[in-house]
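This report concerns only the one structure given below.
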Amino acid sequence: MKMTGWKKKLCRGHHLWALGCYMLLAVVALRLSLRLKCDVDSLDLESRDFQSQRCRDVLYKNLKLPAKRSINCSGITRGDQEAVVQALLDNLEVKKKRLPFTDTYYLNITRDCERFKAQRKFIQFPLSKEELDFPIAYSMVVHEKIENFERLLRAVYAPQNIYCVHVDVKSPEAFKEAVKAIISCFPNVFMASKLVPVVYASWSRVQADLNCMEDLLQSSVPWKYLLNTCGTDFPIKTNAEMVLALKMLNGKNSMESEIPSEYKKNRWKYRYEVTDRLYLTSKMKDPPPDNLPMFTGNAYFVASRAFVQHVLENPKSQRLIEWVKDTYSPDEHLWATLQRAPWMPGSVPYHPKYHISDMTAIARLVKWQNHEGDVSMGAPYAPCSGIHQRAICIYGAGDLHWILQNHHLLANKFDPRVDDNVLQCLEEYLRHKAIYGTEL
């Protein structure tokens, strides 16, 4: 009897142990299933159920881009002056020591693409069905600073989008090879089929975008809008926010287009010639073709697919393109003028009521030095907290709160060699908002 009782206890002990193990395995399996079930259906920004919240927590833990030092990014994005001052002081100290990632670094790390994408924390799946169903095209024109390019690509990257990269023919071979190495890791990122040497303020800057336009239209990706970027741009909206903004355009384009000043009219009064730089000649130009009134803007656009098709295929557009090739900085009046051309899809009329400033358009947020000042006295924005280059602000941490209050999709200029804190905080802000749908 004693032996039988002992056996019963042992048997009961084994049963409880097995049951405990089974329950433990079930919990582990449940947790694992929650981790593995982070697909498009469970990533609904409007959902507050446990599964979606836990899924986002797991995602953010693995994909967050926190500032690498003790910087209060949440305070900086809110405009907290103590946090801003601390970041500016920190930047003065750190930028003396910080070495940017080199071409060699990217050539080495991209030998293993999966490691590169994981280590650099690229988002490799759509975060919502709305984004999946609304792919965006990018024309990215670059010529230097490989880290700037890689961080910009990471910030705007989504697997459903399509990216054409144009590298200046004059760029160093090491830079070109590093760009090729990075884009080789992504099936939806490619080098433009035709590369040109880009000369400042010349036609070649437009030609780079046109080359990407041709390639992007041949892509099988059914993109809806095209955004163009340069190496000093950075997004200030998440991909989901961009999709929402582009849908609200309802087929319209968004770009600066205003009446030119007398000073800017001189840009197309005489012909310019290009060697290694642009030269003004004494040869006067004929009036624009088709009696088209000229407008001025900047190099950046948010253009519908139909607009892009008409840029490349419409005979009137082609005549204007030929006419502006020997003008000064044609990128700053070609797009602005086409935006007012009645034959262009998504354009607006000539009438002054339709003039669009850079602050009204959503294409690019820029602080011009000659417009900075006291906002209470009527200035459009406060002074730059970074430095100026060609009268344009290279943003500092003190500009970030203002930047995020605007409706633009991207801003210009950023440079980690000038202020990396503002970029790190913007990266942290955008990644948090992309995954959680809320600000820091």
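Residue positions begin at 1 at the first shown residue.
Cβ atoms are placed via backbone N, Cα and C, with glycine included.
Per Swiss-Prot, the feature topological domain 'Cytoplasmic' maps to 1-12.
Swiss-Prot lists 13-30 with the feature transmembrane segment, giving sequence analysis as the kind of evidence.
For Cys230 (disulfide bond), applying a Cβ distance below 8 Å and a minimum sequence separation of six or more within one chain yields Met140, Val141, Val142, Ala299, Asn412. Residues annotated as disulfide bond in Swiss-Prot, with similarity to another entry given as evidence: Cys73-Cys230 (among others).
In this view, Asn108 (N-linked glycosylation site) is surrounded by 13 other Cβ atoms within 10 Å of its Cβ, with every protein chain counted. Annotation comment: Swiss-Prot describes Asn108 as N-linked glycosylation site, evidence class sequence analysis.
Among the features that Swiss-Prot reports, disulfide bond is placed at Cys164-Cys384 (among others), with the record citing similarity to another entry. The Cβ of Cys384 (disulfide bond) has 19 neighbouring Cβ atoms from other residues within 10 Å, across all protein chains displayed.
Look at Swiss-Prot and you will find Cys185-Cys212 (among others) tagged as disulfide bond, backed by similarity to another entry. Taking a C-beta cut-off of under 8 angstroms and a sequence separation of 6 or more, Cys185 (disulfide bond) has the following same-chain neighbours: Thr110, Cys113, Phe116, Lys117.
The disulfide bond annotation in Swiss-Prot covers Cys393-Cys425 (among others) and rests on similarity to another entry. In three-state terms derived from DSSP, Cys393 (disulfide bond) belongs to an extended strand segment.
Within the set of recorded positions Cys73, Asn108, Cys164, Cys212, Cys384, the entry lying nearest in space to Cys425 (disulfide bond) is Cys73 (CA atoms). Around the Cβ of Cys164 (disulfide bond), the number of neighbouring Cβ atoms within 10 Å comes to 26.
Mean pLDDT across the topological domain 'Cytoplasmic' (1-12) comes to 44 in this model. The Cβ of Cys212 (disulfide bond) lies under 8 Å from the Cβ of Ser139, Met140, Val141, Cys164, Val165, His166, Ala192, Asn228, each of which sits 6+ residues away along the same chain. Classification of Cys73 (disulfide bond) by DSSP places it within a helix. A gap of 37 Å separates the Cα atoms of Asn108 (N-linked glycosylation site) and Cys384 (disulfide bond).
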